[in-house]
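K.L.:
Below is the structure I would like to discuss, written out as C-alpha cells.
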Amino acid sequence: MEGAEGNAGQPGPAERSHRSSVSSVGARAADVLVYLADDTVVPLAVENLSSISAHELHRAVREVLQLPDVALEAFALWLVSPLLEVQLKPKHQPYKLGRQWPELLLRFTNASDDDVAMDEPSLQFRRNVFFPRRRELQIHDEEVLRLLYEEAKGNVLTARYPCDLEDCEVLGGLVCRVQLGPYQPGQPAACTLREKLDSFLPAHLCKRGHGLFAAFRGRGAKTGPGEQGLLNAYRQVKEVTGNNSEREATLGSHYRAYLLKCHELPFYGCAFFHGEVDKPAQGFLHRGGRKPVTVAISLEGVHVIDNREKHVLLGLRFQELSWDHTSPEEEEPVLWLEFDGDSEGTPVNKLLRIYSKQAELMSGLIEYCIELSQAAEPTLSQESASGPHEAPSPSPPPTQRPKLRRQGSVVCSRIQHLSTIDYVEDGKGIKRVKPKRTTSFFSRQLSSSQGSYTVVQPTDDSLEQS
C-alpha cells in the first residue's frame, strides 16, 4: 500500500459489522460518519469529500469533541472492516482509499471474491500506534482518557489483548466501578455481575461448565470463580479522596488506573495483523499443519499470539530479533523472524516463518518503529541528563506475582508450540534444512542496543547436518 502506515489486521468481534462512513452524498457536501471506540458516531458535514485529507477530518473530529492538542498525536483515523484495518497518514484521502478498498483486500487478504464485493470499511477514530506509552501517562484530559479506556476495554473483552484471569478480574472490577458506580455493601452486586458478565470479562472466561454439576450449581446463589474474583476486585477498587466529588473527576482516575494496568501488557497499543505459522510435527506420521495467529507490532517489539488458545507464542523486543520478508512468485508471502535460542542445550539461531499476505506491511512497520525508537533515544537521554522532574501523577510499581504463577502466564512465550528452523551460521542445520535467505537478512536488525541479537558460531561437530 503506497504511503500507508501499514497497520492491518483482523478487527475484534465488536467491529465485525458492515457500516458505511458516508451516509449521503450531494453535489458538493456529504455527511461523513466517524466511529469512536464505544461505537458512538460523530457526524461531519464536509465539502469536497473526494479530496479532503485525513488531517482535515481529524481536526474536525477534535473540534466536535472539544479535545485538547494532545489528541492530535494520541489518535489517528483508521479505515476498518471485518477483513482489513489501515491506519491513515495525515495526507491520505479517506474517500479515495475507500474507493480502492477492493484492491487492498485482494492484495493484503485471502478474502474470497464474494467477501471482497460485500466488504465496506468504516472510518474510525482510534489510538495512534506510534503514540508512546510514556506520553499517554502524561494525559489528564477526561475525554481523551475515556476514549483510550474504551478502546483498551474493547481489546481486552474481545481477547485481542490476552490477559491472565487475575488481571482480567482487576480490569473487570474497574469496568464495574465505571458502569455501576462505587461498590455498596449489601447491594445485589453478584446478580448484576452474573447477568452482564460478558461486559466485564472476556467471552472465553464467561463460559459456564455443562453437565450435572453445572445444573446443580445453577440452582444456588453461589458465584463461579470468575464471578467471585470479579466481585472481589470490584470491592477493592480505590476511590479518589478530596474535595472534588464530581462523577467525571472520579471516573478519570479509574480510566487512568485501567490504562496503567493495560500498560503491563507487552502488546498494548499494537497494530494487529493476521497470519499462520507451522505447527510442530506430532504423532507417528509427524504431521504438523498450520495454526492461525495474530501478529502484534508496537514501538517496543513483536508478539505472535495464538488465536485459539488466547496466549502468546513468541514475544521479542527489536533488540532481540532480525527480520525480513519474502514474496516469491507463485508462493505465499512470508515474514521471517530470527532470534537466539537453544536446541537441547546447544546455542542456535531460530528462524520462524509467518505466512501472511500482510508480510510486506509487517516488515515495513517493524522498520519504521525501529527508526522512531532510534530517533527518540537522543531526546530521552537529554531529558534524563537535565535532572529529575516531578511526575504529575506517579503510579506505584506493579506488584510482581510469584515466579511459578508467572511461568504459566498467557503473556509468556511458548516457543515449544512453534515449529522453527534451528541452525548455526555456516548452515549446519539442527533437525531441519536451512532455507535460502536474502543477503540483507542479517542486516535488518536493531543492533545498536545492548542485548542485541547475535549470530551463533558452530562449536559442536556433532550437530546434525540436514
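Cβ coordinates are placed from backbone N, Cα and C, and glycine is handled just like the others.
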K.L.:
Candidates are Thr40, Thr420; I want to know which one Swiss-Prot annotates as phosphothreonine.
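P.N.:
Of Thr40, Thr420, Swiss-Prot lists Thr420 as: phosphothreonine.
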K.L.:
Counting Cβ atoms within 10 Å across all protein chains shown, which of the modified residues Ser409, Thr420 comes out on top?
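P.N.:
Buried the deepest by this measure is Thr420.
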K.L.:
Can you give the mean pLDDT for the domain 'FERM' (30-377), rounded to a whole number?
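P.N.:
Across the residues of the domain 'FERM' (30-377) the model's pLDDT averages 88 on the 0 to 100 scale.
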K.L.:
Report, in whole Å, the straight Cα-to-Cα distance of Ser409 (phosphoserine) from Thr420 (phosphothreonine).
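P.N.:
The Cα atom of Thr420 (phosphothreonine) is 22 Å away from the Cα atom of Ser409 (phosphoserine).
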